[in-house]
Amino acid sequence: MVRIDYAPGGQNAPHTHPRATEILTVLEGSLEVGFVTSNPNNNHFTKTLYKGDVFVFPSNAVHYQRNTNQNPGAITIANAVFGSQPGISADILAKSFSLDVATVNFMQSKF
């Protein structure tokens, strides 16, 4: 069990739990939640939750949360994964994004 207090405009970037289902309860305010089903369909489901609502994220589903009470801001995933220092191995990123290593190296050189 964990408690997360979202700052105005805060979000929990897309992530997954490979061995756990996540259950979320909104204690106050509102929260946009979403998840994506696995391949091959990759269907995106999203819903705005309000005080007292409960939502279940299926195990291993890529999911996120965003505070909709204020300006949500943004976390740029490309900057984080292609521009990290030290860099993430090109082999890992190539496999993760279905790219070839040369493309990953090119993208990393731009950050």
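A Cβ is built for glycine as well, from the same backbone N, Cα and C atoms used for every other residue.
In TrEMBL this protein carries:
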- 1-105: domain 'Cupin type-1' (DOMAIN)
- N12, H17, E22: oxalate binding site (BINDING)
- H15, H17, E22, H63: Mn(2+) binding site (BINDING)
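Apart from N12, H17, E22, the residues listed for oxalate, the same chain places the Cβ atoms of H15, T16, A20, L24, F57, H63 within 8 Å of the centroid of those Cβ atoms. Residues within less than 8 Å, Cβ to Cβ, of H17 (oxalate binding site) and separated from it by at least 6 positions along the same chain comprise F57, S59, N60. Within 10 Å of its Cβ, the residue among the binding-site residues H15, H63 with the fewest other Cβ atoms is H15. Counting only the Cα atoms, the space from E22 (oxalate binding site) to H63 (Mn(2+) binding site) is about 10 angstrom.
Cα to Cα, N12 (oxalate binding site) and H63 (Mn(2+) binding site) are separated by 9 Å. Residue environment of E22 (oxalate binding site) contains 18 other Cβ atoms, counted within 10 Å of its Cβ in all protein chains. The Cβ centroid of H15, H17, E22, H63 marks the Mn(2+) site; residues of that chain outside this set whose Cβ lies within 8 Å of it are T16, A20, F35, F57, A61, V62, given in sequence order. Taking H, G and I as helix, E and B as strand and the rest as coil, DSSP gives the domain 'Cupin type-1' (1-105) the counts 19 helix, 33 strand, 53 coil. For N12 (oxalate binding site), the number of other Cβ atoms no farther than 10 Å from its own Cβ, over all displayed protein chains, is 16. When pLDDT values are averaged over the domain 'Cupin type-1' (1-105), the model yields 88.
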